Amino acid sequence: MDESELFKGLMNSTAYCSELAKVDIPFYKSIDTEFNENIKSVSSRFMRLIELLLSKVDRSRAEDIVDVEDIDNRWAEVSDTLDILFEKADYSIDKAQGLLKKPAIETHASTSDVANKKPKKEKLPYKVIHAAHLTKPQLRFRVQPNNSREFVWSWKLTEKPHSLVPLEKIIAQVKLDPSLKNSLPHPYEPEIQNSVYPPWVSEMSNPIDTGSVDETEPIWVSTESQLSDMLKELQNSKEIAVDLEHHDYRSFRGFVCLMQISNREKDWIVDTLELREELEALNVVFTNPNIIKVFHGATMDIIWLQRDFGLYVVNLFDTYYATKVLGFEGHGLAFLLQKYCDYDADKRYQMADWRIRPLPREMLKYAQSDTHYLLYIWDHLRNELISKSAERKENLMQSVFNSSKQISLRKYELEPYDPIYGLGTDGWRNVLTKFGSSKIIGREALMIYRALHDWRDSVARKEDESVRYVLPNRLLIAIAASKPVEAADVFSISKQLTPIARMYVEDIVKVVQEAEKLYNEQVDREKSQFKEVEKQNQPLAVFSESNTLGDYKVDSSVFEISKQNRSKLKTLLANGSAFWIEGQSQDDLRKARKERLFIVNQNIPFSLTLPCTQGHVESELNVKQSTVTEAANPSLNGEKKQEPIVIRDLGLNKQKRDSSKLNHKEPSNPIEERNEDIEPSEASTSVSKKRKQKKKKKNSGKLTIEAEHVSNDSPIINEAPFDYKNQKNFIADLDSDVGKNKFGKRGFNPLNKVSLPKRNTRELKKRKVSDGKSTSY
């Protein structure tokens, strides 16, 4: 089989698997035995192939995989192994075809090929993505960030332009209600809720072309005078486009590095690192209800504006929600730029480090393009919303505005660290669920993991670094699972330790050791508590050698309240029934019972405690060496010994009783004749016997398969090669002539869609466009 046929078969298999995943497989397996057997055969084949694949890399890791659950739990290892093998195979194929050798004579592609193929973009240099040796800009901030867990955040707002409710009134309300200090109200909530959009927004208009981004030079704003000039022009605009570039990798809380603002004529790029404390002046424009502020994916932008600059937005239009209402295929800004402007945004710079100064021209142009075309896109979206509203007979424009209002009402609030329950975005519970559910096993590993997670958060706050920079989540899980004893063990876990982790490697080992010590102390404490409870919970012995009745007056009545018998009766019956004790309050009795817990013998689950009689006393005096049971239940005047009531035996299921005994009439006194009617051991014998036979029958098939498997020294490697080319497709056969009846018609095939998968490889490779802006750096 050559490379083209192999690739074709691989693509067909991928297509079938993609379609098969959409079908309710368990349902069809339950109604079609042939389909069930075929699925089992394919699954076992896949299992053996994966085991063979891993064995080529590491035999010890392959032996640990037994079933599908192991693959699910260790899919990261399987995926990494596949990536390594694919890269090596790709490299070997290129080398065999001579693609890696530089040709002696340079060849030039035809003009048609050049026109059809886009040039492949190289990866950005590492220094552009992470400027490791850059001095932290936050060290130059006039107000240093406070990362402590006890810090209470407050508004940065000092004045409130375009207000319906004055700022002083809101501050007075917070002072009167202390509960509002933990969750401050939105200062512009009344203005946002009561905002009315200008009438011209609902009118159709021709989109205003802003020209190419290459034809317009952005204006860099880094001084107060430049900021003032920009404000004057923005106040005369009807609509503006705004975007932010954020960084949160080398900072605990993160900060905004750039702000891009555009109107119909100009593009501004504001250096927010230099003008951090002066940008509150933009509220004059941002809170003006007569100026429409166009954002794309403003969910986080609104939060960052409040946190860093004290800025709030009134009359926001989020183009992301317009794409949702219109039902577009994509919802990202790159999709809109391609759809309306035929502009291919270089998304490599999404991951760039925007702290770099001065900015390279490529990064500057990328930042400018985010807002340069946004007002032109807003014109197109507005026209489509108006036209679609007439077709659907609903106000789609108002729907987008309502969603945008909810985004404007978002508030910035600090997320507290929760060491107990691990709640929150970066809480230990969320990280454990995503990355360590299969690796952190046992109470000790969990305690070490939680201690390391707490330590990571503390160091990140202290060094003003993100938790990902201090200790990535996967490395955190790996350290907690391996339980390093010394620094060398930590370095052996991963070769890519972060600089902070290398600097604090001794502290990491110390945290692990302290967590182990705490766990051992907790285990010892639980063992001692269990022993204490077990010691207190000894079966009650009313009469024993240590509890003799030598000083008890035998010839007197047991129930006679005399000075001689009073103390002895209290000693013997304090743990029995409070009814027989005179002169003690209910509180004293309750306290005595709590101090002395007792359990009934396990052979008698529920028993009735009876008062002592004179027969008990005489028996104890005559036979000192008798057992506890004989002392507590002696024969009385030759009468038949009375057994305690055992509720569990009387409550047995009728099917578990002897069938011959069920035909007899129920005895008048079930307590006395219980042992004659019911034999629990005999009743349960047949049930346990049936279970053993069933289990033996079930395991017989497994033992046969295992015996055959063990007989072969290397069943996977010695197996005959699988003929992929001539393999029968059982899904496609469901629509073949085999299934026709005598009238020449085929029956209903529920897997018809699966047998006709999409063969368009581009569609299979096409990635889903993400919703809006998810992460920024």
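All residue numbers here begin at 1 and follow the chain in the order shown.
Any Cβ shown, glycine's included, is placed from N, Cα and C.
Annotation source Swiss-Prot lists domain '3'-5' exonuclease' at 219-385. A mean pLDDT of 94 is what the model gives for the domain '3'-5' exonuclease' (219-385).
Cβ neighbour count for GLU245 (Zn(2+) binding site) (all protein chains, 10 Å cutoff from its Cβ): 24. For ASP243, GLU245, ASP370, the entry in Swiss-Prot reads Zn(2+) binding site, with the evidence type similarity to another entry.
Summarising the environment of HIS246 (AMP binding site), the number of other Cβ atoms within 10 Å of its Cβ, over all protein chains shown, is 21. The AMP binding site annotation in Swiss-Prot covers GLU245, HIS246, TRP304, LYS347, GLN350, and the record cites similarity to another entry as its basis.
Residues or ranges marked as domain 'HRDC' in Swiss-Prot (evidence: sequence analysis): 442-522.
Feature annotation from Swiss-Prot assigns compositional bias 'Basic residues' to 688-700.
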Spatial separation of GLU245 (Zn(2+) binding site) from LYS347 (AMP binding site) - C-alpha basis, Å: 13
Zn(2+) site shell beyond ASP243, GLU245, ASP370, criterion: Cβ within 8 Å of Cβ centroid: LEU244, LEU258, MET259, GLN260, ALA367, THR371
C-alpha spacing of GLU245 (Zn(2+) binding site) relative to GLN350 (AMP binding site), in angstrom: 9
Other CB atoms within 10 A, centred on ASP243 (Zn(2+) binding site): 24
Rounded inter-Cα distance in Å - TRP304 (AMP binding site), GLU245 (Zn(2+) binding site): 10
Most distant Cα pair in Å, residues GLU245, HIS246, TRP304, LYS347, GLN350 binding AMP: 22
Cα distance (Å, whole number) from HIS246 (AMP binding site) to ASP370 (Zn(2+) binding site): 14
The domain 'HRDC' (442-522), counted residue by residue under DSSP: helix, strand, coil: 65 helix, 0 strand, 16 coil
Residue, out of the binding-site residues TRP304, LYS347, GLN350, ASP370, whose Cβ gathers the largest set of other Cβ atoms within 10 Å: ASP370
